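What TrEMBL records for this protein:
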type: DOMAIN; residues: 97-252; note: domain 'Sodium/calcium exchanger membrane region'
type: DOMAIN; residues: 288-430; note: domain 'Sodium/calcium exchanger membrane region'
type: TRANSMEM; residues: 97-115; note: transmembrane segment
type: TRANSMEM; residues: 127-149; note: transmembrane segment
type: TRANSMEM; residues: 161-185; note: transmembrane segment
type: TRANSMEM; residues: 197-219; note: transmembrane segment
type: TRANSMEM; residues: 231-250; note: transmembrane segment
type: TRANSMEM; residues: 289-307; note: transmembrane segment
type: TRANSMEM; residues: 319-346; note: transmembrane segment
type: TRANSMEM; residues: 352-377; note: transmembrane segment
type: TRANSMEM; residues: 389-407; note: transmembrane segment
type: TRANSMEM; residues: 413-433; note: transmembrane segment
Amino acid sequence: MDCKLQVMGSVAVNRSVHEFQDESLFSPELVTQKIQPSHIAECGSVSGGFQAGGSERWRRDVYRSIKTVVFSNKLNLLMPFGPLAILLHQLHGHNGWVFFLSLLGITPLAERLGYATEQLAFYTGPTVGGLLNATFGNATELIIAIYALKSRMIRVVQLSLLGSILSNMLLVLGCAFFCGGLVFYQKEQVFNKATAIVNSGLLLMAVMGLLFPAVLHYTHTEVHYGKSELALSRFSSCVMLVVYAAYLFFQLRSQKDLYIPIEEEGSQNGESTYDNDDETPEISKWESVIWLGIMTAWISILSEYLVDAIEGASHAWNIPIAFIGVILLPIVGNAAEHASAIMFAMKDKLDISLGVAIGSSTQISMFAIPFCVVVGWMMGQPMDLNFQLFETAALFITVIVVAFFLQEGTSNYFKGLMLILCYVIVAASFFVHEDPMEDKQLKP
């Protein structure tokens with residue numbers, strides 16, 4: 001009976017060897033050793049071989065995942081600047097260089113966060129995938145904002161979130177239109193006009209939510225001075241969060257057909273103009289989830305050093321905090337959206353680019369900003385929707401300009417160039433703008 005079991009075990013081992021040999025789990029030497037009778041005779045040697053093979057496979061999968069995520073992008077060469085910023089903070093505490101190195105260190109992390117989100121989107125479908133892209137694409141801005149709130153730097157929170165909206169709508173969308181237009185310069189690229197109109201409406205509603213507290217403040221018409229403005233901001237924030245939740249239901253459940261990209265509609269009618277079925281995920285679903293957690297945690301650590309060094313960097317480099325908050329921080333936070341929007345536009349998938357850029361702006365204005373007001377409320381911080389007159393006017397004009405650009409449902413490189421130059425004008429304006437609330441609200 002024992003011999004029969006040994007023979008059966010030998011056949012099973014040989015079959016397992018042939019099945020796994022293509023995956024390189026066993027070396028030839030180990031295979032030879034495993035099929036020897038002396039090894040089969042001992043109970044547990046076979047299972048031990050499989051355990052060793054499983055451990056080897058696990059180590060190889062980890063190595064492959066690290067190689068794919070960390071070593072496949074040249075931008076990741078900036079990753080060592082993160083630990084260097086922490087080391088410099090501990091040794092010298094020079095805020096200017098700590099801020100600069102933290103900024104460089106967060107940039108590849110934000111891009112890799114977007115990459116992991118895109119990989120996860122392969123397993124969730126296009127609609128949920130677009131929502132995941134927008135959500136985790138804004139994770140960097142939210143993390144920085146929460147740390148700034150914790151440090152009582154309310155003005156930095158307002159400026160960084162405002163800057164993220166401006167950057168997404170002008171710079172990210174402009175670069176996507178420009179690069180896509182250069183690749184397909186002989187034709188006008190098209191996108192789903194209905195989606196753009198809905199997002200434009202939400203952005204205009206967000207402008208309205210920011211406008212009334214500012215008007216109330218500057219017209220001195222508050223019923224209770226210093227309290228009505230904050231109460232209105234908190235009430236409006238709750239309403240905006242409800243509207244955003246309704247928008248998600250509308251997008252994911254009620255009106256799915258409205259959000260089918262134009263190229264998918266063509267493929268459903270048998271008129272597909274290009275083949276996009278060759279795209280496959282590079283890492284598994286659980287690998288994507290684990291990398292999302294790792295990148296988010298590392299960004300959280302660096303964000304704390306970044307926020308603490310903002311004021312010192314402003315004094316050391318003689319740069320207005322408004323410029324740092326509105327221009328520099330969002331460029332880093334939007335690295336993932338920037339790369340994704342350009343890549344999809346160059347593949348003639350403009351609906352996805354629009355979803356990343358405008359969808360991200362919509363999420364920040366209708367979710368991130370009201371969410372920070374509510375979080376500040378729970379923290380006891382007087383975070384409100386009064387972004388001051390200059391900043392609110394910049395947002396209002398930007399939304400109007402972009403809404404005009406989107407109303408035709410087409411894009412080309414000239415439209416992209418105009419949006420980029422509009423962003424240059426906004427950046428120059430904030431560089432020469434002196435924030436009247438800087439001393440009062442930076443660190444109350």
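The chain as shown is numbered from 1 upward.
Note: Cβ is positioned from N, Cα and C throughout, glycine not excepted.
Residues 138, 141, 145, 203, 325-327, 329-331, 333-334, 337-338, 341-342, 344-346, 348, 350, 353-354, 356-358, 360-361, 364-365, 368-369, 372, 387, 391, 394-395, 398-399, 402, 411-420, 422-423, 426 of the same chain lie 6 or more positions beyond the ends of the transmembrane segment (161-185) yet place their CB under 8 Å from a CB of it. Using the rule of three or more Cβ pairs under 8 Å, pairs at least 6 apart in sequence, the transmembrane segment (197-219) is not in contact with the transmembrane segment (413-433). Beyond its flanks by at least six residues, the transmembrane segment (231-250) meets 131, 198, 202, 205-206, 209, 212-213, 216, 224, 362-363, 366-367, 369-371, 373-374, 377, 383-386 of its own chain at Cβ-Cβ distances under 8 Å. Per DSSP, the domain 'Sodium/calcium exchanger membrane region' (288-430) is made up of 121 helix, 2 strand, 20 coil.
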